[in-house]
Amino acid sequence: QVDAVRVYVNSSSENLQYPVLFVVRQQKGVLSWQVPLIFRGLYQRTYNYQEVSRTLCPSEPTAETGPSDQVIFVDVASMAPFNIAYELLVTRLKNFQLETNKAFNFTASPSQPQYFLYKFPQDVDSVIIKVVSDAVYPCSVVSVQDIVCPVYDLDHNVEFNGVYQSMTKQAAITVQRKDFPGEQFFIVFVIKPEDYACGGSVPSSIHGNVNRTWNLQRTKNLQVTIVPSIKKSVYVQAMFFSFLSFLSFYLGSVVVAFVHYIRIQRKASAGRLSPEDGSGIMTSSHPITASTPEGSSYGAIDESSSSGGRQLSSPVRGPPAGSDTDSSVEEESDFDTMPEIESDKNVIRTKVFLYLSDLSRKDRRIVSKKYKIYFWNIITIAVFYALPVIQLVITYQTVVNVTGNQDICYYNFLCAHPLGVLSAFNNVLSNVGHMLLGFLFLLIVLRRDILHRRAMEMKDAYTLDYGIPKHFGLFYAMGIALMMEGVLSACYHVCPNYSNFQFDTSFMYMIAGLCMLKLYQTRHPDINASAYSAYASFAVVICLAVLGVVFGKNDMWFWVIFSMIHVLASLALSTQIYYMGRFKISKCYLGIFRRAAMVLYTDCIQQCSRPMYMDRMVLLIVGNLVNWSFAIFGLLYRPRDFASYILGIFICNLLLYLAFYIIMKLRSSEKLLPIPLFCIVATAVVWAAALYFFFQTLSSWEETPAESREKNRPCILLGFFDDHDVWHFLSAAALFFSFLVLLTLDDDLDVVRRDKIPVF
């Protein structure tokens, strides 16, 4: 047991010109202070205390000398030309060394800091120091310092050594034995003279011209408990759990593929070839006719009269299916520069009822090549985006490790398990699901792509007019985006804070955008956005997100401009979608909005009973109401988390469009096969569970680090993962199932002619 001595001094003098100086000389160091003791705050404010209490740095008896009395010299001096009364009291501390799993209560103040000693037990390699208080203020600092004298235990020097973090009601620091060669350390508790560092305001007593305060009462009752942290075996179990949980998805995919293969072989041997359920590949070699039920009003229009008696030019066909190769000289202009085809576009795409054959007239090879650009572009974007991010977060982590300032990163300190240089390895590890499931989705898409190519090699031009056109470029891009979301989310959680939160959301924007583009591409393959325009739009969104992080906290002008951009973009996109892109924007870019006004006049005023394109009109009205609501909400409340605000806009629009698509699909007498139906149910269930854990807020960089730590909670899974880690696991699975929904949703149409598949 180590003994420590505490010195208490008090002086009634308020003369700052002639303070009383106290110097304590010990065997290994010197400690000095003055009374009145002066602390400095913001704007040159000073706080003076006439009572000071300091703990002297203890010295343990060595093996050579054995137990002996400690000699301490206390020198008291003052340059005052008159006598100054003071009081000096030296006491021995009875509970200077803290014990494992035993709570200890004490009181501290700015002029009377406290620190204690802790020694690692033989079987403990890591401990968590938990500090709690019933009161939010005064703001305090908890520091862990090596056994070095002097101990830095005042507000102006507590940050000079060791690891520290600010605190209101709760703090937690994980300490490892390997970081302290002597296998012991000091735990220092300092009360700050002001509360602004913890989110509080400056005391009202010093407002105005008064900049000096005497003996401000700022005592705080604290309780400290030191508990052993997890053992190395828990790290191993957590890593096995993380990888095996998601590798089970690989096993499930193999089982589904094998069962599917067996079913196809049995049908082939029985001479009953039919479409592969859930594969999206039509295996029959002869045309199969399917149409909507009689009496269905959807699409009930005479194709021969739809263009006013004009004979439409036939779709341009490429080479036979067997020569399906991508040529570097093939471009979309090979089709679009033909005047008669351009004329047909205006006629076909403005029909009241459109079918898939109307919007899949371009050469399949050229369109596939167009969509493959999505894949190659996102790889380039990922590399150029991820490398600087990785470099930056490594710098953040290095700064935390070197300075010891744990207020830089917003961890859940009650469940932050370090490994190597990482302070919260569990938050990084839990993102492995995005990478593993993203790669699995790429494999599933690759399998479909290969089967589709093989199927196309065995078909003639006539049978190519069945089912949804298979273009896999966007699916490949979605798989890469899911993997990159895992990488960037892991980078963000290396040191989560306000400055780098955009890393965690950038590829979420892209995932939501790519899903909407894929859903639209399904029945609009010829008129979907190009990769260049799509990624340029994502770049604009990310630029707005950065501006929102910088200016969105308090600047009203930013929210006014952003809301205007949001509303105008919604109107412009709605007009493009309503007319399938079949009008030109005039030299004045306001032409598109004039066209939008014409649409409202003709379809909502002149034909109020029924717009020309009823289904599209309903979707766009609801979509605009949702987006305008977001714009009004942002303008009124100005949420600080601007990145999540934009992500919410993307997700709501995606869910709205997906719900519209499924409703219209069922309304058109199409059906959901077992696999997409299972994926839809799994997506809904897993997303619901994931969102529950997402809203269990464990930290918040919208507040000060001390206020954020009030939300910290212990681990809930394997003693290693917290609620946010479970969100990572479940959201990865939910995104994977969501992608499978888009991949398999229209497998039932593989036996339906394209001129019988409605467009919506």
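Placed from the backbone N, Cα and C atoms, the Cβ positions cover glycine too.
According to TrEMBL:
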type	residues	note
COMPBIAS	281-295	compositional bias 'Polar residues'
COMPBIAS	304-314	compositional bias 'Low complexity'
COMPBIAS	327-336	compositional bias 'Acidic residues'
REGION	272-336	region 'Disordered'
TRANSMEM	238-262	transmembrane segment
TRANSMEM	374-394	transmembrane segment
TRANSMEM	428-446	transmembrane segment
TRANSMEM	474-495	transmembrane segment
TRANSMEM	501-520	transmembrane segment
TRANSMEM	532-551	transmembrane segment
TRANSMEM	557-579	transmembrane segment
TRANSMEM	617-636	transmembrane segment
TRANSMEM	642-663	transmembrane segment
TRANSMEM	675-695	transmembrane segment
TRANSMEM	726-745	transmembrane segment
#### Entry: Contacting positions for the transmembrane segment (675-695) when only residues 6+ beyond its ends and CB under 8 Å are counted
256, 277-278, 662, 723-724, 726-727, 730-731, 733-734, 737-738, 740-741, 744-745, 747
### Query
Is the transmembrane segment (726-745) packed against any residues at least 6 beyond its ends, judged by a Cβ distance under 8 Å, and which are they?
242, 245-246, 249, 278, 280, 427, 430-431, 433-434, 436-438, 440-441, 444-445, 448, 475, 478-479, 482, 485-486, 489, 511, 515, 518-519, 522, 658, 661-662, 665, 672-673, 675-676, 679-680, 682-683, 686-687, 689-690, 693-694, 696, 716-717
### Message
Out of 428-446, 532-551, 557-579, 617-636, 642-663, what stretch is closest in contact terms to the transmembrane segment (374-394), meaning most Cβ pairs under 8 angstroms?
### Response
532-551
### Surrounding residues of the transmembrane segment (474-495) on its own chain - C-beta under 8 Å, 6+ positions past either end
371-372, 374-375, 377-379, 382, 385-386, 389-390, 393-394, 396-397, 400, 408-409, 422-424, 427-428, 431-435, 437-439, 441-442, 445, 501, 503-504, 506-508, 510-511, 514-515, 517-518, 521, 728, 732, 735-736, 739, 742-743
### Message
Can the transmembrane segment (501-520) be said to touch the transmembrane segment (428-446) if we require at least 3 CB pairs below 8 Å and skip pairs under 6 apart in sequence?
### Response
no
